[in-house]
There are 2 protein chains.
Amino acid sequence: MRTGIATVCLSGTLREKMQACAIAGFDGIEIFEQDLVTSPLSPEDVRKMAADLGLTLDLYQPFRDFDSVPNELLAANLRRAEAKFRLMSRLGTDTMLVCSNVATASIDDDGLRAEQLAALAARAGDHSVKVAYEALAWGKYVNDYEHAHRLVETVDHPNLGTCLDSFHILSRDWDTAPIESFNPGKIFFVQVADAPKLSMDVLSWSRHYRVFPGEGQFELAKFLGHVVRAGYTGPVSLEVFNDVFRQSDVERTAVDAMRSLIWLEEQSAKWLDAHPSAEYGAGSAAPGRRRYPMELATLPQVAEPAGFNFAEVRAADTAGLETLLGQLGFTSNGRHRTKNVQLWTMGHARVIINEDSTQESRDAGAGAAPAISALGFDVESPVIAAARAQQLKAPAVPRKSQADEEIFQGFAAPDSTEIFLCQGRPDGTAAWTREFGEGLEAPAAGRTGEQGTVIDHVNLAQPWQHFDEAVLFYTSALALEPQPYAEVASPTGLVRSQVMLTRDRGVRLVLNLAPLIQRGGAASGTDAPAATGQRPGYQEHIAFAVDDLVATARAAKARGLDFLQIPANYYEDLDARFGLDPDFLATLRELNLLYDRDADGEFLHFYTATVGSVFFEMVERRGAYDGYGAPNAPVRHAVQYDHLHQRNPTT
Amino acid sequence: MRTGIATVCLSGTLREKMQACAIAGFDGIEIFEQDLVTSPLSPEDVRKMAADLGLTLDLYQPFRDFDSVPNELLAANLRRAEAKFRLMSRLGTDTMLVCSNVATASIDDDGLRAEQLAALAARAGDHSVKVAYEALAWGKYVNDYEHAHRLVETVDHPNLGTCLDSFHILSRDWDTAPIESFNPGKIFFVQVADAPKLSMDVLSWSRHYRVFPGEGQFELAKFLGHVVRAGYTGPVSLEVFNDVFRQSDVERTAVDAMRSLIWLEEQSAKWLDAHPSAEYGAGSAAPGRRRYPMELATLPQVAEPAGFNFAEVRAADTAGLETLLGQLGFTSNGRHRTKNVQLWTMGHARVIINEDSTQESRDAGAGAAPAISALGFDVESPVIAAARAQQLKAPAVPRKSQADEEIFQGFAAPDSTEIFLCQGRPDGTAAWTREFGEGLEAPAAGRTGEQGTVIDHVNLAQPWQHFDEAVLFYTSALALEPQPYAEVASPTGLVRSQVMLTRDRGVRLVLNLAPLIQRGGAASGTDAPAATGQRPGYQEHIAFAVDDLVATARAAKARGLDFLQIPANYYEDLDARFGLDPDFLATLRELNLLYDRDADGEFLHFYTATVGSVFFEMVERRGAYDGYGAPNAPVRHAVQYDHLHQRNPTT
């Protein structure tokens, strides 16, 4: 599959965009007119630069307001088009995108449209240029891709074809199956964009909220499957208008974009495999049947991870973490034999405390405060999973190891958390724990009733400019599935909370997009977003599931745990909502436990105080409860905010 | 008019919100349940605190999922309600908001609904509580305020009334006139919120995009006028769910909120004056007719400003500014006789250079780079205008003056620009210029054809968390009118551009909401928003209108002006779009002029290079052109970005 991207997807100047596309590995780009018009590079400069970077210039776009006009405007339109055709020949680009008319359209007559498009195709022919006519979703008269295609068929000129853009098609819920019957020679270009399903006017939706494939909710594998079935072999090119991507680092966004196409290519191959046609075989493994003209590359296949292998917290001063874990019921298993890391366990839950004493960390100052630094996942084959991640352009992180120590394959997530791929074992043990001493592989036998403890979920705060990237990253590299997101009120704004999980719930990862100001501002008394460094309020946590939360909480209380203090008002509200047994309510109140209930079951949980940017949660799931106590999240945020501000609660 | 605000409008804890509301001058507040549930303050604490702060607790809200349920759920609902009634009596609040049912509604039967509401009213009566039933715009069966009112009339219980919320009514485009015929005794509460007109699902619109009155597009003066005509005398209370307000400084947002009610009160009085009824007189000036039961306060009345009196730029090193102004054709008129400020004039355009050599500024470092610091406006009566601004809670700024020097009334705009109110003169001169020397009052006679020069517009960058506040501020305090906003592409994201102007275009102010990262990030090579201090990329400018731009540009070129260099590609595109006369095009290209044309006229303009965060623009308006060359804005942004990055344009 030939990959492409429109320059409008990225931030920066045309030069920066082109360089970033080359680094990310795209085959070609679409020149968005405004990027050229505003550039000091001449068309010849751009042509040479593209050649030097190994990029083809696949499309020049957009050309607007052409069809459906009174014929007296046609001459001016053709003059305008010819100026662009001449420009294109200097650029060395042979295809121009013509959008269906929005602004100047005044005549709804397919005959006239065909005539006007024929005139344009003739001029294009004179300049050896091809015109790809696209139905905008909000086109005044032409807003359906089949309509655009019919016009192309009617004109039947070698220099006129159509452009299929997934957004314009899927935002209108048009059926994509008819694409299969299109003459592939008339499909001049294919653009792909994903989007979250929003109920708003389609123009605003398109201009601001498009995302890269895999970051939204469109059925793109199916769309592209139909395109492949039609016999199309040209570029598959991203055209994503997104307010955030336009602002974020250009090289990083280009990699995110490339990852989305690699993932889409794989998903489309899978869709084709699952939907074989009589004529064509399934993907590349098609004995006895024709192969699709477009080659779709595949990736190393991995199953979803079975569970968390460990979570790692890094700190210069580890005392606070040690105290909390000890009080929660974790057992300290001492230091690693060669590294400055400690292993703490409770049942199958393993927490590594990384004693961060590097000069770098000391210099950073804030970096030294406790923070979640790494997560280990149990996978079937770490090597295959790492190969897949690598092909998906995940940046590798090396795990320094001595001889005879286990080597972890690892890579960095978009929020900088290090992700390690570990060899899962059916009994939930981990071989590497040997490196901390003998006999640690078995679950900590320690306290009664705690053998079953596991990491239930991990909650990571996400920088706002990399949220969508993170969703695609965990979807594609780690086979987690994004759930519909929730929004939770906090004293510093709404927190968007995106759950990513495996089908059997072995892994639950919660990505929190905090309000802007919470990233440093509110806590430090200003309302400006912080640049880098310490992120008070930007709290993350690890949650452990136990069998008997009340017992765990009682034991933790006896050990002097610093619970997050839940306001009395909460319990009154809880009682009003659920009418709880008075003894049970008294227990909840006594132990600072939170409670939720739904049709599937019940949820009990408590939080610890925060050290640095980390806190811990203990949960008990009763019945088939599958949530995270979202109705209680505002209480947590408010109390944490209050603590952070160290306000006296009653004057 | 009794003013109120729901705590959900503001950031912070319940304590912080209440304090901010008291400081901003609200009469009362609505307790949003979640704010109480998450608070360590007991209901008794809240009651005492409100009393100490002089705030009434006017409403407890929301109570959801009540009506339209099968009768077997009624008992649980009533139990839940009674728990809240008991809580309210501890709080000392006597009115509870009950929203029409969304989630658990399953029976569409007005008879059943009336029965259930009657049961609720009876229980409420037992607790001396009033229930205000509100039709949510997205209520499952009840989503029309007249429907809710009919149910209230049917039940006819002294403890059941209705709540009118402007958002739920105006978002659905319901006619507001029928409110006038409501029994005022049955209107238990009135909530107001404004909103921009967005075509999206009403729930998302309501949850994220409500704004304070005057910051959106709803006809709130009319809405409130009808409410006043009905005879309502209770609180008019803000209920505004807004993603930004939830994040921004609580005290500042509370003042913004209070300003919106003061403004709305005045606007409603004006609406009533303009729509007298047979029964009632016009506002307070109603000889021989009844006064409305609700008293509406008025503000000192001001006409819109006639023009800019001056613009002030502050800098530690003023050399760059002096050079630019001199090259543009401005005349230096020396220093003020007592202050370290210079006066530069060109025709009627006056620019003050404030030589900022304070220790504060030196410490700030970045503060010393040239920046627009103040704007003077010509008004009919500076004292009346200042009184109005004061009553609208604009923070006053003193202008230090010696004896016999003119005293300016001034206040600070939301973006910290100082706004000064000057005595306008019909001939466009300014008395204070005498303080720089004799004979400066007349327009600078200097160069031919430049006497007509005026400040055409000023473009100010706005911090994202104060954009809506700025719109209301300039609307209410300075009588400018907001226009529909545009969005302009830049290398670091879309820039929202909001024009505020007077009817005769004497004042044009452009508020630019820059992308987040442009606020320091992109320019400094990181992609994190900057906290404070230097704001590269965050550029602002002053534009001057001249009669003959080509002559002005030629003269400036001869003086060696550092023009913003416009790419050759721009002129090719311009030619393709407009088919310009070759000589004219050559002139544009030679002088780095930009061009725009629409049905009303033509626009020629050029920009200078930037010093600090300031640059200048020269414009010529031909015909009735009323815009700002928006199609050219992306070129300006791209070239400025390139300069900022000091990239070599051709390698």
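The backbone N, Cα and C atoms fix where each Cβ goes, and this holds for glycine too.
Residues B:ASP165, B:GLN191, B:GLU239 are recorded by TrEMBL as divalent metal cation binders, and the candidate that the same record lists for that site, out of B:GLU115, B:GLU134, B:GLU266, B:GLU295, is B:GLU134. When B:HIS541, B:HIS643, B:HIS645 are compared with the Mg(2+) site residues B:HIS457, B:GLU617 in TrEMBL, the one appearing in that site is B:HIS541. In the shown protein chains, 23 other C-beta atoms lie within 10 A of the C-beta of B:GLU617 (Mg(2+) binding site). Residues near B:GLU239 (divalent metal cation binding site) in space but far in sequence (CB under 8 A, at least 6 apart, same chain), listed by position: B:ILE5, B:ALA6, B:VAL8, B:CYS9, B:GLU30, B:ASP165, B:PHE167, B:GLN191, B:VAL192, B:ALA193, B:ARG210. Note: the Cα of B:HIS457 (Mg(2+) binding site) and the Cα of B:GLU134 (divalent metal cation binding site) are spaced 45 Å from each other. Proximity of B:GLU134 (divalent metal cation binding site) to non-local residues of its own chain (separation of 6 or more, Cβ distance below 8 Å) is seen for B:LEU97, B:VAL98, B:CYS99, B:SER100, B:TYR145, B:ALA148, B:THR162, B:CYS163, B:LEU164, B:ASP165, B:HIS168, B:GLN191, given in sequence order. Report note: the divalent metal cation site is defined by B:GLU134, B:ASP165, B:GLN191, B:GLU239, and the residues of the same chain whose CB lies within 8 Å of the CB centroid of those residues, excluding them, are B:LEU97, B:CYS163, B:LEU164, B:SER166, B:PHE167, B:HIS168, B:PHE189, B:VAL190, B:VAL192, B:ALA193, B:SER237.
Residues near B:HIS541 (Mg(2+) binding site) in space but far in sequence (CB under 8 A, at least 6 apart, same chain), listed by position: B:ILE372, B:VAL458, B:ASN459, B:TYR607, B:VAL614, B:PHE615, B:PHE616, B:GLU617.
Listed in chain order, the residues near the Mg(2+) site other than B:HIS457, B:HIS541, B:GLU617 are B:ASP456, B:VAL458, B:ASN459, B:VAL510, B:ILE542, B:ALA543, B:PHE544, B:TYR607, B:PHE615, B:PHE616, B:VAL619, B:TYR628, each with its Cβ within 8 Å of the site Cβ centroid.
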